[in-house]
Amino acid sequence: MPQLRIALAQINSTVGDVAGNAQLHVDWAKKAAEAGAHVVVFPEMSLTGYPVEDLSLRATFAQASRKAVDDLPRRLVEAGCGDLLVYVGYLDLDEVGTRDAAAALYDGEVVGRQFKHHLPNYGVFDEHRYFKAGQTLDVVRLHGLDIGMVICEDIWQDGGPVTALGEAGVDLVVSPNASPYERSKDDIRLPLVARRAAEAKAPLVYTNSVGGQDDLVFDGDSIVVGADGELLGRAPQFLEHLLVVDLELPAGGHCAEGEFEGMQVRRRVLSTEPVPSYEPVEAPISEPLSDEAEVWSALVVGLRDYVQKNGARSVIFGFSGGIDSAVSAALAVDALGPDCVYGVSMPSKYSSEHSKSDAAELARRLGCHFRTEPVEDMVRVYVDQLKLTGLAEENIQARTRGMLLMALSNQEGHLVLATGNKTELAVGYSTIYGDAVGAFAPIKDVFKTHVWELARWRNAEAEKRGETPPIPENSISKPPSAELRPGQLDTDSLPDYPLLDDILDDYVEGDRGYADLIAAGFDAETIDRVLRMVDRSEFKRRQYPVGTKITFKAFGRDRRLPITNGWREGTQR
Ligand SMILES: Nc1ncnc2c1ncn2[C@@H]1O[C@H](COP(=O)(O)OP(=O)(O)OC[C@H]2O[C@@H]([n+]3cccc(C(=O)O)c3)[C@H](O)[C@@H]2O)[C@@H](O)[C@H]1O
Ligand SMILES: Nc1ncnc2c1ncn2[C@@H]1O[C@H](COP(=O)(O)OP(=O)(O)OP(=O)(O)O)[C@@H](O)[C@H]1O
Ligand SMILES: NC(=O)CC[C@H](N)C(=O)O
């Protein structure tokens, strides 16, 4: 049986850094060559990073990408990787328009070039805005085996490129991907890839990106699946990694050229001699992370890459003694280390003793920087001069804290984190230009009930490892309060969080209408109240900092509603 050693280079590219990404390709191709691989597959648009958004509309950027891909074969030869077949993702530009492209590089040449056929245009994707679809499939014959490629969404749609490659008769399909993380998506990918491998009647090599890019995080989890659906290798989640898999394939090299399923299959012969027989290595099959570990890793990587890829070193934010800032702090320390995390307690005249002591205890457990900067005197100047009362007086406390943090950010160079969760964002329960200030919001896509679950999970993990649990028990167990007036509790303004999160799950994630919510058993008055809060706070969400998507539908590019909006669910029934 012919043998082939495949490497999947699950790398963390930086959007826009074409030169840096090109160097990453050389470095990881060298690793693949050292591992004895015959083929290495990089992720989708690995040379440019993904998604490049409107950068793809700039001719200069597309030309730089095209030049980088054209230069790479020579650099690979110089690095001793000339006889390695290298698949890279990049942005191309031809007479039709910009393309989400992948190229096959071999022996100093670009030997194949293909454009994505299916352009996703839902959820976070806007690819019809950016790309023109491809019509050709470039197959290369290496060591007598015919290798076809498909790019990310091409495997998510029925029919099309995979079917065509199966009909043409390829021996192997490689697939560069940039598939953003969301909860449970890895449970879908493996059966999907297995189904496509069966359709192609050939093993499928699925390389996914890893790392954070603004609101998206890529989890890697690259896999190789046999034509019979068997999982042959699996890379770890959220880490850069080279997965090496030895394949034993039926004798091949019979792929036909011509039109299949309306697509033009072209073939280029590189070598026909089979690889001399060698001792295969057993490929690792990494265990997928548990649900909570996976979410925690996504939030850590999203935060770390946002901070570091934007050239910052450290973060600063308010430690209130509550659960949201505590979980944000534990994430920040896991992402950046304690020396890069600065907590500030900012008591006002309504702050409880426990808010101060729990904040100090959090900092002690985490070993991060911590200071106390009372806001009472600053708030009094505003309240007295402007004669503020009621909500205006309440909110000026949150705003003074926001301003104080931005002042320290300017002075000391830290990025400010906003600690709001998805539940608060949904109902507008935060002060705009107050606790909503910040560069990045690590838990903005985590519902409040999930924030508590993550806190308990993170503490339990620490205990398992014999470490001090990072989050003070009191921050988990006490009733949440914004402490903007005496005795204030979140439940004064909001339904209990478990009920609220259930409604939001249906209304925000599920986009259900009023009748469906009634049918789901929620009480009419509560639905009206919650929906009104959600609909009226779109303006706050639009101005909220970016943060890592972990759910099916995150606020931001996943859910785009008009701010000026006269439609009210329920009132027009
Ligand atoms: N459509 C629109 N487009 C743009 N701006 C719009 C607007 N409608 C109102 N506004 C502006 O927004 C202002 C009202 O918003 P804002 O000032 O935020 O105030 P508001 O939403 O009325 O109050 C903040 C709420 O969040 C709660 N809170 C605050 C801080 C922390 C927490 C927490 O537990 O995490 C909770 C607080 O108890 C209160 O219930 C208006 O005065 C107006 O300037
Ligand atoms: N006394 C305070 N000292 C420092 N920061 C504060 C203080 N009060 C509020 N903050 C900041 O404002 C954010 C919103 O806090 P608030 O207590 O109003 O609501 P919360 O949603 O219950 O958050 P948390 O669970 O962190 O308390 C906090 O996470 C924190 O970053
Ligand atoms: N980059 C892409 O084409 C990604 C689309 C695909 N449905 C995914 O999430 O994996």
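Count begins at 1; order follows the chain as displayed.
Placed from the backbone N, Cα and C atoms, the Cβ positions cover glycine too.
Since we're looking at a predicted model, the values are computed, not measured.
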Of the candidates Lys132, Lys185, which does TrEMBL annotate as part of the L-glutamine site that also includes Tyr122, Ser179? Lys185
Would you identify which residue of Thr400, Thr419, Thr423 TrEMBL lists as part of the ATP site it also attributes to Gly318, Phe319, Ser320, Gly321, Gly322, Ile323, Asp324, Ser325? Thr419
Minimum Cα separation from Asp324 (ATP binding site), reported as the residue among recorded positions Glu44, Tyr122, Cys152 that achieves it: Tyr122
Greatest CA-CA distance (Å) over the residues Tyr122, Ser179, Lys185 that the record ties to L-glutamine? 16
Those recorded positions of Tyr122, Cys152, Ser179, Lys185 having Cα within 10 angstroms of Glu44 (active site, proton acceptor): Cys152, Ser179
Gly322 (ATP binding site) falls, by DSSP collapsed to helix, strand or coil, into coil
Sequence-ordered, the recorded positions among Lys116, Cys152, Gly318, Ser320, Gly322, Thr419 whose CA is within 10 A of the CA of Ser179 (L-glutamine binding site) come to Cys152
So which of the recorded positions Tyr122, Cys152, Ser179, Lys185, Ser320 sit close to ligand 3, that is, with a CB under 6 Å from an atom of it? Cys152, Ser179
